[in-house]
Amino acid sequence: MDFLPLFHSLQGRLALVVGGGEVALRKARLLADAGARLRVVAPQIHIELRHLVEQGGGELLERDYQDGDQPGCALIIAATDDEPLNAEVSRAANARGIPVNVVDAPALCSVIFPAIVDRSPLVVAVSSGGDAPVLARLIRAKLETWIPSTYGQLAGLASRFRHRVKELLPDLQQRRVFWENLFQGEIAERVLAGRPAEAERLLEERLAGGLAHIATGEVYLVGAGPGDPDLLTFRALRLMQQADVVLYDRLVAPSILELCRRDAERLYVGKRRAEHAVPQDRINRLLVELASQGKRVLRLKGGDPFIFGRGGEEIDELAARGIPFQVVPGITAASGCAAYAGIPLTHRDHAQSVRFVTGHLKDGTTDLPWQDLVAPGQTLVFYMGLVGLPVICEQLVAHGRSAQTPAALIQQGTTAQQRVFTGTLENLPQLVAEHEVHAPTLVIVGEVVQLRDKLAWFEGAREDA
């Protein structure tokens, strides 16, 4: 290890930046974020750098660097393209014992800047010791996606209660166990779900009760998207990997299910039109029962749980019973499948609105507001419309839509098995029979479908028609 990782307090201390360009500006911003008072020396100073220094009450010295600029500084940055000058700044700083960083010159540095993931007060630094800064930045980019932005709030909560916990738990090992449980439990989850006030209230109650606690479960209603695992949200993935029990249905792709916690109990509650492995009311009760046992329950649903996913029915029961829950939206099939098929749902020349329609109603019929559905300038997207497709096409034409209106079938959209068939309202049912199209299949009706020939970019493993 060539450099020892340390975090340096610069609050209210003087930091010298030699240089006035964009590189100097980037370094100065970091110093200002850390609370440093800036002294910038350069014959010409970038306008944004000038404003940054003035806002922080620092010093602007618009002239050449002088050796007398260094005394009293806690840190020195050389950010010029003048190599002899950078070397001079480094030599003088080392002679005075002042930490110095020379941009893009590791050999002249006594300190180096890492790639930073800032979730203040939680900060993660990644460094290659100056050997591969681009690699360090790539690793930082990965960490940015893995560490929720709300982790800073979680660290702040812990800071505010640190002394009280220490008084209640003087034993170091007991405190360690307490914090480990807190950071992996319901209080932390409230913070990460954007409910910090609720988290603080729960922690207050726990401390007031002498730390005695009965675990309370929670339900995560998570949208798994249309099929491609890369379309999962960060929050969805985090909750999938911490749930104790997973309830999933047939629209959840196996590749997505595999991303759930390995040792989580999995319960299939798959639903198909008019066929239910587990009736909806039983699913609702099961969510309540499992959460009441103190378990973290993941209800994983294809697409978005609030768009033809019956998510509202499931959390209605939870709300009535006082069971904590959170909802994580997913990319709905209309958006995901249309994008992967190269069919924009709206377009200035073809469609100024889009309508999502269920292909069958609660009683199994296809009794829809047909007159509204034939209005011009709109795209129709039918969910669960395969069985009722002949009726849908017939009724749209009967109510005034042209039989030659472009239409598309997207089977298993966004996955490697995606198949797309385009035609018209007149021949769409025939395409289903000819190509043995099966669920899950999305139906899109509208002039935008004709853009697929030009905009298609994703091809599944099977040929389209």
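Placed from the backbone N, Cα and C atoms, the Cβ positions cover glycine too.
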Residue among Gly194, Gly270, Gly413 sharing the S-adenosyl-L-methionine site, where Swiss-Prot lists Pro226, Gly302, Gly303, Asp304, Ile307, Thr332, Ala333, Met384 as binders: Gly413
Local Cβ density at Pro226 (S-adenosyl-L-methionine binding site) - other Cβ atoms counted within 10 Å: 30
Gly413 (S-adenosyl-L-methionine binding site) and Glu22 (NAD(+) binding site), distance between Cα atoms, whole Å: 45
Cβ packing number for Gln44 (NAD(+) binding site), 10 Å threshold: 8
Asp249 (active site, proton acceptor) CB neighbourhood, other CB atoms within 10 A: 21
Spatial separation of Ile307 (S-adenosyl-L-methionine binding site) from Gln44 (NAD(+) binding site) - C-alpha basis, Å: 57
Spatially closest candidate among Ser128, Pro226, Asp249, Gly303, Ile307, the listed recorded positions, to Pro43 (NAD(+) binding site) (Cα to Cα): Ser128
